[in-house]
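Taking it in order: structure first as structure tokens, then the write-up.
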Amino acid sequence: MTKQAEETQKPIIFAPETYQYDKFTLNEKQLTDDPIDLFTKWFNEAKEDPRETLPEAITFSSAELPSGRVSSRILLFKELDHRGFTIYSNWGTSRKAHDIATNPNAAIVFFWKDLQRQVRVEGITEHVNRETSERYFKTRPRGSKIGAWASRQSDVIKNREELDELTQKNTERFKDDEDIPCPDYWGGLRIVPLEIEFWQGRPSRLHDRFVYRRKTENDPWKVVRLAP
């Protein structure tokens with residue numbers, strides 16, 4: 001540790017103001033045998049709350065091996081089934097594609113500010129089949145489909161003009177196609193959960209926390225309460 005690191009630093013940003021979480025509680029009677037059922041209930045409540053403008057927004061975290069460096073980004077969660085949570089992206093050139101290729105473990109977090117809730121998911125990732133990826137791709141706006149072809153996500157580009165040129169090139173390429181095909185490198189990634197934590201904010205930071213855990217996908221869930 002350097003001498004500079006040992007010294008007390010003057011903060012650039014200091015945020016001493018506190019915020020009290022006092023709207024809801026979470027107790028054992030509200031839990032379900034399958035955490036997917038409780039998640040579905042919470043997600044639907046977030047969708048129905050007009051204050052939660054983007055309830056499907058998640059933080060997706062992955063880690064590259066062997067360095068162990070973690071990277072996080074905001075994505076949009078798109079699908080849920082009883083096997084897990086699915087997102088869609090470029091799996092050819094993106095940073096998360098490289099991370100997942102070296103380490104299939106990932107984590108996602110949902111945060112619903114006005115409901116004072118968050119859900120944290122840890123699990124193993126797997127690519128969904130081609131049929132599933134193409135089914136979702138068909139629902140995307142035409143511009144987004146062209147963008148999937150135009151952008152080599154996370155590659156270095158010279159300037160905005162280069163991206164605009166690639167977009168125009170692919171717009172021309174598909175001008176006569178009613179249905180733009182899904183690129184081979186683009187598709188869905190499912191996070192098969194091994195741990196799901198439900199966090200309900202409470203006053204004085206004495207939050208309600210319950211975590212469901214299992215060792216493998218085929219094992220039963222066990223749930224415990226955690227100290228805040």
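Glycine is no exception: its Cβ is also placed from the backbone N, Cα and C atoms.
What TrEMBL lists as domain 'Pyridoxamine 5'-phosphate oxidase N-terminal' is 56-162.
Using DSSP to sort the residues of the domain 'Pyridoxine 5'-phosphate oxidase dimerisation C-terminal' (186-228) gives these counts of helix, strand and coil: 3 helix, 26 strand, 14 coil. The domain 'Pyridoxine 5'-phosphate oxidase dimerisation C-terminal' annotation in TrEMBL covers 186-228.
In the domain 'Pyridoxamine 5'-phosphate oxidase N-terminal' (56-162), helix, strand and coil residues by DSSP number 28 helix, 43 strand, 36 coil.
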